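Listed in Swiss-Prot:
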- THR230, ALA231, GLU232, GLU284, SER382: L-serine binding site (BINDING)
- ARG261, SER262, GLU263, GLU348, ILE349, SER350, SER351: ATP binding site (BINDING)
Amino acid sequence: MHDLSHFRNNFEKLAERLATRGGAINLDGFRDLDLKRRSAISQAEQLKARKNQESLEIGKLKREGADTAERQKEVRAIADQIVALDEQVKTVDEEFQKLLSGIPNIPHESVPVGKSADDNVEVRRSGEPAKFDFEPKAHWDLGPELGILDFERAVKITGARFALYWGAGARLERALVNFFLDVHTQQHGYTEVLPPFMVNSASLYGTGQLPKFAEDLFKIENSDFWLIPTAEVPVTNIYRDETLEGEQLPVKLCAYTPCFRSEAGSYGRDVRGIIRQHQFQKVELVKFTRPEQSYDELDKLTADAEDILVRLGLPFRTVVLCTGDMGPSSAKTYDIEVWLPGQNNYKEISSCSNFEAFQARRAGIRYRTGKKSEFAHTINGSGLAVGRTWVAIIENYQQMDGSVIIPEALRPYMNAEIIRPERP
């Protein structure tokens, strides 16, 4: 959500920056509403001045003993016009808020201009992809061969885009969750929270999923409950309609949750394996900061997510998304992409974004310094997506005999050094 007065006063500049996102943005509608609102306010102010003047004249005439019935009738008519104009302004303001809620965030000036993922810019790379003495397998072949991943039974139980983990596969998923949380809480300074896995519509509006992305979500019938698409939603909304003390900032929270997505717009993409699922697990990092801190804190949060991959010895690259590839709520986003040898490409494993005050304004999240309060900036990112990290380990650490070496950092959590074939 944008600040109305800032948007109005900087319309041309902001419209130019928004145009770099591409797509249809109803800026003409904003201008038309603004003219309508200004006209109604101007007319109301003129009528109020006239009403005040008429009231003074009536008072004078009364003191002189003159008949003021007609003048009073005119004043009442003016008052009715003022009420009607005030209602018109109120209606326009509601339309403004609805229109503003559908306008994406303004891209930060450091974001490269572009139309698609092809225009994203790589900013750094860590680790070199391993060279295998054999043809590396994709996880959708390797997992079932090891007996740790079962797609057929998952389809029987539920349907497509679900997976069933067995034995060491399930333990590896659990080990990753615990490893992520331990590093972020003990090394990176985050406070762990365990939020509800369902939220209401107000929470989804606050973080920007509603109303635009309703089709990507799962709604519980006959209720206002929705399954969360990411822990970003409940964790950000912890402070909805609250004012933090300035000295508290930055507040750094992390949470493990399952996530649920309909993947309505992903038909034909990542149809094999567990890259794109209706249900998956993720550890999310969320920060609440002062505006002047937020881009430093975005860089730190991104580094915290990257650190997990470094500790696991997984090759990755980090790219800054161009204006045309960013999510609508974000002002700047870094994607961290892990190397998957079985697929011979890099795949997103974390998306780290600064929303500036966009979410905070929608959710009413403020901070106070002295007597002054203003909207906080919110930042979040995956730290990391658990299933995709599982895939990266299986594919990068596979051996010629079909076994998988467990990264050293995970061995205390797995109580093992290698995953060998199991037979469920």
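Using the three backbone atoms N, Cα and C, a Cβ is placed for every residue, glycine included.
On the structure: features taken from Swiss-Prot.
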| residue | record | contacts (Cβ under 8 Å, 6+ apart) |
| --- | --- | --- |
| THR230 | L-serine binding site | THR257, CYS259, LYS282, GLU284, SER382 |
| GLU232 | L-serine binding site | THR207, GLU284, VAL286, ASN380 |
| ARG261 | ATP binding site | ASP216, LEU217, PHE218, PRO229, GLN277, HIS278 |
| GLU263 | ATP binding site | ARG161, ASP216, ARG276, GLN277, HIS278 |
| GLU348 | ATP binding site | ASP335, ILE336, GLU337, ARG388 |
| ILE349 | ATP binding site | LEU309, PHE316, ILE336, GLU337, VAL338, SER382, LEU384, ALA385, ARG388, THR389, ALA392 |
| SER350 | ATP binding site | THR302, ALA305, ASP335, ILE336, GLY381, SER382, GLY383, LEU384, ALA385 |
| SER351 | ATP binding site | GLY327, THR333, TYR334, ASP335, ILE336, GLY381, SER382 |
Neighbourhood of SER262 (ATP binding site), C-beta criterion under 8 angstroms, separation at least six: GLU215, ASP216, LEU217, PHE218, HIS278
Largest inter-residue Cα distance among THR230, ALA231, GLU232, GLU284, SER382 [record-listed L-serine binders, Å]: 9
Count of other CB atoms lying within 10 Å of the CB belonging to GLU284 (L-serine binding site): 29
GLU232 (L-serine binding site): secondary structure state under DSSP, collapsed to three categories: helix
Under 8 Å by Cβ from ALA231 (L-serine binding site), counting only residues of that chain that are 6 or more apart: PRO195, ALA255, TYR256, THR257, CYS259, LYS282, VAL283, GLU284, VAL286
Distance in Å spanning the most remote Cα pair of ARG261, SER262, GLU263, GLU348, ILE349, SER350, SER351, given for ATP: 19
Surrounding CB atoms that lie within 10 Å of the CB of SER382 (L-serine binding site), all protein chains: 26
